[in-house]
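J.: TrEMBL lists these features:
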| type | residues | note |
| --- | --- | --- |
| TRANSMEM | B:20-40 | transmembrane segment |
| TRANSMEM | B:52-79 | transmembrane segment |
| TRANSMEM | B:91-113 | transmembrane segment |
| TRANSMEM | B:120-139 | transmembrane segment |
| TRANSMEM | B:168-187 | transmembrane segment |
| TRANSMEM | B:218-236 | transmembrane segment |
| TRANSMEM | B:256-277 | transmembrane segment |
Amino acid sequence: MVLLYLAQTINSGLALGAVYGLMALGFSLVYNSSRLINFAQGELLLLSGLGLFSLTQAFSLNPLVAIAAAGIWGLMLGMVLYATTLGFSLRKHPLKQLMLTVAASMTWQGIAILAWGKEPLMLPQMLPFSSVRMGPFFFSQDTLTALALAVGSGLLLSLFLRHTRWGRAIRAVSMNPLAATLQGVNPRKAYACTFALAGLLAALAGMAVGPQTMLRYDMGLGVGLKGFVAATLGGYSSLGKVFLGGICLGLLEALFILTMGAELKEAVTYAILIVILILTPHKERQTARA
Amino acid sequence: MSSLNDTPAPDPRSRELVPAAAFFLPLVALGLLLPAYSLLAVNQHLLLAVNVLALNFCLGLGGQASLAQGAFCGMGAYLSALVVSACPESAAITLPVIIVVVFVFGALVSYPMEQLGEGFLAMATLGVSLIFTNVVLSLPELTGGGEGMVLHVPITLPGIGALQGDRLHYFLFLGLLALGAYLYVTMRSTRLGRALMACREDPLAAAACGVSRPRVRALAFGLGAGLSALAGALYAHYAGFISPNQFDLHLSLKALLFLVIGGPGRLYTPLIAVLLLETLLSEAQLLGEARTMAHGLLLAAALLFDPERRLPGLASLVPRSLRR
């Protein structure tokens with residue numbers, strides 16, 4: 001009996017954890033390159049998921065086309081977000097850039113309400129997985145989809161950052177924008193690229209989370225904040241750790257639901273976030289501010 | 001805004017009399033002229049205005065964007081709903097105690113968070129706001145959970161009697177605004193206020209000049225929290241009903257939004273922005289569900305079309321690429 005609960009916990013924890021991992025990757029890409037905390041990250045997921053929903057209503061998509069459509073739509077949303085927030089205000093005070101992403105988050109939520117209404121929408125499952133049972137453990141279709149999307153895009157992302165010119169430019173700007181500029185990298189292009197990548201990852205996360213929890217106009221902030229918690233758990237520095245932070249957060253949440261009920265889960269999660277934020281060393285953040 | 005080496009003006013407060021009169025006298029006239037039933041809606045805008053003013057202590061003076069204002073307001077409301085309802089006669093003692101409790105809580109929350117920097121502070125205070133809502137939701141025996149709780153007893157003060165009625169509460173909220181404005185003006189011209197403004201302009205330089213940044217900012221944070229809590233307590237007994245979604249993230253976000261639209265660090269423009277824009281937006285029925293979008297666009301417009309005055313800081317003089 002206990003084993004059954006545990007298997008269920010691991011299953012649902014991994015399903016949400018993969019989504020948090022994807023959000024956390026997008027979050028830390030943007031944060032590392034431009035030192036901006038992107039409040040509208042969750043709205044990227046929301047709008048890309050809703051766009052994909054409309055697409056599935058109109059056409060019947062095969063899995064590869066669905067992934068490609070979600071990716072392209074996410075890239076576009078990321079570029080739009082960059083153009084309307086950071087691209088406008090590169091030389092402004094960081095607080096102003098932060099507030100612009102807050103404004104973008106509210107505006108996009110309004111767009112979602114106007115275009116898709118307030119009712120939760122169910123995104124159909126698009127990848128042809130069937131649930132797997134391994135001894136006492138089992139993995140549902142949702143979990144396998146989320147894990148496949150997350151691990152696949154994480155691996156591709158790490159290859160991209162390591163082996164392409166664009167990826168190296170992003171990493172150079174993350175280390176030192178001035179030195180990167182002197183080497184001929186245009187930091188603006190690198191920032192735009194990280195926003196587009198964050199949009200792409202959010203679109204895949206939307207594809208993974210849509211069949212699990214449905215898409216609702218007010219889910220953006222919650223999912224974005226979970227991504228932030230996961231990125232903080234992972235420490236922002238390496239892709240693998242950040243992704244693992246997401247998985248850990250998902251499993252922890254599932255465990256909290258099992259042990260103390262769903263209401264206190266969120267409070268405990270955010271309390272952990274605050275404690276970690278306060279306790280982790282702030283060397284890098286302070287140099288970034290000074 | 002005076003810097004450290006200005007010669008002190010003869011009396012900084014006398015300069016503030018004219019704008020104060022220009023702001024408060026029309027509002028007093030409005031309170032006397034409007035019919036009592038239409039004051040119900042105005043009072044809700046006034047509650048938001050008090051929250052904006054409270055947020056101005058930590059953002060306008062200290063340069064810290066906080067999203068926990070709604071939580072402090074709700075804390076005041078719930079504490080007073082629990083304590084004052086139990087013994088309404090002792091409100092003259094318990095109300096100040098509640099304010100002090102929330103003040104200390106706000107200061108304690110802010111103290112370790114000071115080192116986080118703008119973005120992380122906003123995220124951490126967002127966490128505080130969500131934790132408050134969740135704790136209220138998960139204690140249904142005490143707080144009524146998501147259904148909210150009904151308050152039957154008005155606040156009773158010795159010598160004044162029970163606080164009831166739309167018009168009386170209109171003037172109570174106006175009095176709170178006046179109290180907050182007085183505190184703000186006084187603080188701006190004291191050592192504490194100047195230390196706060198130094199932290200806002202350049203945290204590193206302020207710390208190098210011997211300002212204990214966590215301490216002064218915690219004080220400002222706590223003051224704002226206490227003011228919000230008092231407004232929340234008054235509102236709870238006035239409305240007769242409170243639920244967690246009155247004090248959730250939307251209240252915090254709206255307070256931040258209108259403060260930024262009006263210009264943090266200024267006293268009256270954010271308050272005017274709240275009262276005018278909220279009245280307009282609540283009148284505009286055709287907006288309907290798109291109100292969130294209107295808020296977002298207003299904020300973006302305020303940020304984009306007004307040069308550097310909206311948010312504190314001189315960092316824009318230095319190119320971004322050289323600032324790391």
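Glycine is no exception: its Cβ is also placed from the backbone N, Cα and C atoms.
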J.: Can you find at least 3 Cβ pairs under 8 Å between the transmembrane segment (B:20-40) and the transmembrane segment (B:218-236), where each pair is 6 or more residues apart in sequence?
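T.: Since fewer than 3 Cβ pairs under 8 Å link them, the transmembrane segment (B:20-40) and the transmembrane segment (B:218-236) do not come into contact.
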J.: Is the count of Cβ pairs under 8 Å between the transmembrane segment (B:120-139) and the transmembrane segment (B:52-79), pairs 6 or more apart in sequence, 3 or more?
T.: yes
J.: Are the transmembrane segment (B:218-236) and the transmembrane segment (B:91-113) close enough that 3 or more Cβ pairs fall under 8 Å, when only pairs 6 or more apart in sequence count?
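T.: Checked: the transmembrane segment (B:91-113) vs the transmembrane segment (B:218-236), in contact.
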J.: Who are the chain neighbours of the transmembrane segment (B:218-236) in space, where the CB to CB distance is under 8 Å and they lie at least 6 residues beyond its ends?
T.: 43, 47, 50-51, 53-58, 61-62, 64, 66, 68-69, 72-81, 84, 95, 98-100, 102-111, 114, 151, 155, 163, 169, 172-173, 176, 179-180, 183, 187, 192, 196, 242, 247
